[in-house]
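Feature annotations, reproduced from Swiss-Prot:
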type    : residues                                         : note
BINDING : 10, 11, 12, 13, 14, 15, 127, 172                 : ATP binding site
REGION  : 30-59                                            : region 'NMP'
BINDING : 31, 36, 57, 58, 59, 85, 86, 87, 88, 92, 133, 144 : AMP binding site
REGION  : 126-136                                          : region 'LID'
């Protein structure tokens, strides 16, 4: 099973990806983990990413795609993977689909976790309180959601047009949401 989890900040992508990894016995790939691993390994891509990040810039699509290609050659992805937080824009989605076609591992499903904006703000504010994070003010959260809507929401349309998208209600108990995702990807 090769799966992409999409959804705005606070929708529960990371939580559900961790649960699905255990349930399905497949690798969980997050861009943050990939970046940290490449930088720690001192690879050429890691050095490039570190230089970009140290300058306060976003890592380019080309560097991220190179890291993804490297990650997909590792043994733990042989049974499949869950991508969480990637692709973030249509250019990344196009490039990733090309890469997956080249290596003969097309996506099986793309799941969009749908959660109302006000609930997302409440969830993230609650998480910020628990973790003592000041950068998750309601205003900052709304800004992150706006960036998501501008850049990442078009990826949902991209996969809907290809017939690989399943929309799942991301509200409820964790077990209920997991069951909805499993039903959507097996249906």
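We number each residue from 1, going along the chain as drawn.
Cβ atoms here come from the backbone N, Cα and C positions, even for glycine.
Each of the binding-site residues 11, 15, 57 was scored by the number of other CB atoms within 10 A of its CB, and the lowest score belongs to 57.
Its Cβ taken as reference, residue 172 (ATP binding site) is surrounded by 12 other Cβ atoms within 10 Å in the chains shown.
Tertiary proximity for the region 'NMP' (30-59) is limited to same-chain residues at least six positions away from its ends with a CB under 8 Å from its CB atoms, namely 14, 17, 66-68, 70-71, 83-86, 88. In this structure, of the binding-site residues 12, 59, 86, 88, 127, the smallest number of CB atoms within 10 A of the CB marks 127. Across the range of the region 'NMP' (30-59), the DSSP-based residue counts are 22 helix, 1 strand, 7 coil. Here residue 14 (ATP binding site) comes close to 30, 84, 85: these same-chain residues lie at least six apart in sequence, with C-beta atoms under 8 angstroms from its C-beta. In the three-state DSSP scheme, residue 12 (ATP binding site) is classed as coil. With respect to their backbone Cα atoms, residue 12 (ATP binding site) and residue 57 (AMP binding site) stand 26 Å from each other.
Between residue 57 (AMP binding site) and residue 10 (ATP binding site), the C-alpha separation comes to 23 Å.
For the binding-site residues listed here (10, 13, 31), the lowest count of other CB atoms within 10 A around the CB belongs to 31. Reported as a whole number, the C-alpha separation between residue 86 (AMP binding site) and residue 15 (ATP binding site) equals 15 Å. Taking CA atoms as the reference points, residue 13 (ATP binding site) and residue 31 (AMP binding site) are 13 Å apart. In this model, the region 'LID' (126-136) carries an average pLDDT of 67. In this structure the residues listed as binding ATP are 10, 11, 12, 13, 14, 15, 127, 172; their two most distant Cα atoms lie 16 Å apart.
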